[in-house]
Amino acid sequence: MYTHYLKNLISFESVTPNSAGAVEYIDGLLKQHGFKTEIKIFGDSKNERVTNLYGVFGSNEPNICFVGHVDVVPAGNHEFWHNSNPFKFHEQDGKIYGRGAVDMKGAIACFLAASLNFIKNNMDFKGSISFLITSDEEGKSTHGTKEMLQYIYDQRYKIDFAVVGEPTCEKEIGDTIKIGRRGSVNFKLNIVGLAGHVAYPHKANNPLPCLIKILNELTNIRLDEGTEFFQNSNLEVTNIDVGNDILNTIPASAEACFNIRFNSLHSVETLSQLIEQIIKQYCKEYKVDYKLEYSSSAESFVQNPNDNDKIKEFADVIERTLKIKSEFSTSGGTSDARFVKDYCSLVEFGLLSEMAHKINEYTKISDLQKLYDVYYNFLMEIF
């Protein structure tokens, strides 16, 4: 059943932020099985219009919601794929190939199969099962899950617990549950000096020595030692640009970009204050001006599994089903869980992350079965 759903989902060329019919396919499937559904399209311009779906079966508490995305990253050169078509289901040696097989159409297919089979076998269950699906997670994530969550809550829907189907596992299904994510903030620093001829440095003010000093301190600073659930925060320089092709000219300005992935010991505000304090110190010393810009896609968050019964229940289901004890993790990049956590508690749990976004992306059929079993048994446990 899940392979059938996955075959159909892969066939939609849903490169972010386009649904390409994938959201509509899920909508039709849910309607056939008695779900109340609504599709909402958010976004202003043609290139930013995002298709979102909320479908719910039942009206009682608790409401267990699967949160997922049908959009995928571009497939690259199709000639490098096994069958030269990343959007055509290809099965070989117990594996299913196709863009989105891992991230995250495989998880959607498994939760569809698990929930529909559960409802079929337990028509009188007390509670609700719902789906929140978007076509904008791999891109800007502006008009997807974030806006849809606000919309459904404005419509008086309440989610009690969410399963986000991101590919979380490392080596085998069940080894990792994400219970939080690091925050991310990007900085752009421009140091403004005074241009001049290299033969007359006293008539100029080179911005580069100041920038080098600043970057040296920033890259050597130890932001923290990590926490129980987080690794230490980390700063990486991502770009240095002078824009000067004339070798005998001192540049007028120099720019650097850097990113900080940070844990729950920090916020965007505290980090920006720390960074600016260091910059001011060196700019004063070198008598140069500066402009600092920063933007953040997410603050850090974590949910302590010791304080959340449903997270513990989910981990217990994995251990009973797959005979493996999961590690609680906050590693990796950002995901739509950063929006969901403002409304309810959650876990992120899906397939292996190794092949996500790669040429010849695939998942093992045996892994799909394991994921299906966990999802189904979790519904049995909750209801």
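Note that Cβ sites are derived from N, Cα and C of the backbone, with glycine treated the same way.
As recorded in Swiss-Prot:
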ACT_SITE  D71  active site
ACT_SITE  E137  active site, proton acceptor
BINDING   H69, D103, E166  Zn(2+) 1 binding site
BINDING   D103, E138, H357  Zn(2+) 2 binding site
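Structure with Swiss-Prot features highlighted.
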residue : record                       : DSSP class
H69     : Zn(2+) 1 binding site        : strand
D103    : Zn(2+) 1 binding site        : helix
E137    : active site, proton acceptor : coil
E166    : Zn(2+) 1 binding site        : coil
H357    : Zn(2+) 2 binding site        : coil
### Query
Inside 8 A of the center formed by the CB atoms of H69, D103, E166, which other residues of the chain have their CB, for the recorded Zn(2+) 1 site?
G68, M104, A107, E137, E138, G165, P167, S335, G350, A356
### Task
Using the centroid of the Cβ atoms of D103, E138, H357 as reference, list every other same-chain residue with Cβ within 8 Å of it (recorded Zn(2+) 2 site), in sequence order.
V72, V73, G100, M104, A356
### Task
Could you round the CA separation between H357 (Zn(2+) 2 binding site) and D71 (active site) to a whole angstrom and send it over?
12
### Query
Among the recorded positions D71, E137, E138, whose Cβ has the fewest other Cβ atoms within 10 Å?
E138
### Query
Which whole-number value in Å describes the distance between the Cα atoms of E166 (Zn(2+) 1 binding site) and the residue listed as 'active site'?
12
## Note on the structure
Rounded Cα distance in angstrom between E137 (active site, proton acceptor) and D103 (Zn(2+) 1 binding site) is 10
### Query
Which residue, out of the binding-site residues H69, H357, shows the minimum number of other Cβ atoms inside 10 Å of its Cβ in this structure?
H357
### Query
How big is the gap, in Å, between the Cα of H69 (Zn(2+) 1 binding site) and that of E138 (Zn(2+) 2 binding site), rounded to a whole number?
8
